[in-house]
Amino acid sequence: MSQSVVVNPRPALKAKLTKEPFSIPNLKPYYKAWPTAVNPDYPGLKVALEARIKNLYPPKKAAKLIQDDYALLSSMWWPRATADRLQTCTFWFLWLFTWDDEIDQSTSDLFIHIHKANDFRKESLEYVKFCLGVGDDETAKWDFQNNPPNRPLIRSLDVIGAHLQKVYNHDQIMTFVNEIDYYMGCQQREQKRKLTGRLPIVAEYLETRMGTSAVTSMLALNEFADGNDIPRDIMTDPKMISLWYEVNMNMSLSNDLLSLRKEIKHGDIDSMVPVLVSARGLTVRQAVKETEAEINRNIERFDQIADALLEEIKLTHPEKVDEVASYIVGCRYNQMANFLWSLTTTRYGLGDMVRDAEGRIPIVIENVN
């Protein structure tokens with residue numbers, strides 16, 4: 001009895017993506033008059049972050065991380081934060097990007113061996129809980145007090161946790177922890193799928209993408225960064241949850257577009273455009289156009305939900321209107337920072353690329369070395 005052979009569809013899809021030139025669209029007009037700013041403490045933060053990077057990572061990796069300029073991303077993300085809180089949030093950014101790269105790169109040992117990745121995720125999550133003072137019986141099994149993690153990357157969470165504990169209440173801390181748990185769980189499901197070689201349908205892709213983006217963990221830091229203390233019934237209001245969803249969708253899709261050249265080049269093709277090409281039979285240009293249109297709709301939805309939320313708060317918590325309005329502005333800063341930094345960072349390699357008259361970036365993957 002002959003056995004059927006499962007063919008990995010990814011090489012054929014990568015070949016298709018490589019053959020068709022496309023352009024990364026100019027998304028700036030969709031954001032209208034959304035605010036942008038750079039935190040005045042950016043120069044000092046850059047120095048502090050460079051020192052931390054050199055202390056945590058080997059020289060070659062450190063040089064690349066310094067070049068990517070995560071201090072600029074953080075300074076645009078939280079332009080109103082005080083210097084000490086901005087530094088803590090930036091150290092979280094650094095941890096998040098480097099932690100994700102440990103597993104997400106298809107050639108890494110942790111990606112290839114999922115049991116090792118699962119252990120890495122488990123130790124990381126339990127150490128997060130330990131550092132934030134919300135450890136449970138599972139955390140106690142690790143005895144981190146006497147046996148800290150061997151990996152400097154995981155261990156570096158201690159500074160972040162200590163500062164958050166001084167500012168956040170238990171509910172705020174648990175929101176942050178739960179979003180990290182959500183992120184790691186989605187990443188695990190995505191890794192399992194990638195290892196099978198199977199390509200997801202659009203709904204399946206989005207189900208994990210909204211977690212692997214890690215956006216909600218960063219949204220959970222906004223109150224810390226900007227000095228807010230918003231009642232939990234507001235933060236769990238359906239409109240606030242919808243607002244978070246739209247922020248997450250915006251960053252996920254815009255990152256999918258802006259990193260597309262890099263992802264195709266490296267064969268990591270689990271993003272919205274390749275999924276649309278695979279699942280719906282679109283051309284690359286059609287898939288890019290559909291993703292662009294959804295980002296436009298997403299921005300419109302965000303503004304509508306923000307207005308509706310403020311109208312509700314005027315009735316239910318009139319004393320909190322200004323604080324919630326400030327939080328919404330912070331979400332706009334977050335999205336603009338993500339977008340503008342992605343256009344210029346060396347991480348995606350778009351900064352020096354030629355734009356056409358409409359601000360689009362023509363891409364020919366075959367010409368990428």
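Using the three backbone atoms N, Cα and C, a Cβ is placed for every residue, glycine included.
Taken from Swiss-Prot, the feature Mg(2+) 2 binding site applies to Asp100, supported by similarity to another entry. Among the features that Swiss-Prot reports, Mg(2+) 1 binding site is placed at Asp100, with the record citing similarity to another entry. According to Swiss-Prot, the feature Mg(2+) 3 binding site maps to Asn248, Ser252, Asp256, an assignment based on similarity to another entry. Here Swiss-Prot flags 100-104 as motif 'DDXXD motif'. If you look up Swiss-Prot, you'll see 255-262 marked as motif '(N,D)D(L,I,V)X(S,T)XXXE motif', on the strength of a curator's inference.
In the structure as shown, the Cβ atom of Asp100 (Mg(2+) 2 binding site) sits within 10 Å of 16 other Cβ atoms. Outside the motif '(N,D)D(L,I,V)X(S,T)XXXE motif' (255-262) by six or more residues, the chain places 24-25, 27, 209, 213, 271-273, 288, 291-292, 295, 338-339, 342-343, 347-350, 363, 365, 368 with a CB less than 8 A from a CB of the stretch. On the 0 to 100 pLDDT scale, the motif 'DDXXD motif' (100-104) averages 82 in this prediction. Around Asn248 (Mg(2+) 3 binding site), a 10 Å sphere centred on its CB holds 21 further CB atoms from the protein chains shown. Around the Cβ of Asp256 (Mg(2+) 3 binding site), the number of neighbouring Cβ atoms within 10 Å comes to 23. Listed in sequence order, Leu206, Arg209, Met210, Ser213, Val215, Met272 are the same-chain residues at least 6 apart in sequence whose CB falls under 8 Å from the CB of Ser252 (Mg(2+) 3 binding site).
The separation of Asp256 (Mg(2+) 3 binding site) from Asp100 (Mg(2+) 2 binding site), Cα to Cα, is 16 Å. Same-chain residues that are not part of Asn248, Ser252, Asp256 yet have a Cβ within 8 Å of the Cβ center of the Mg(2+) 3 site turn out to be Arg209, Met210, Ser213, Val215, Met249, Asn250, Met251, Leu253, Ser254, Asn255, Met272.
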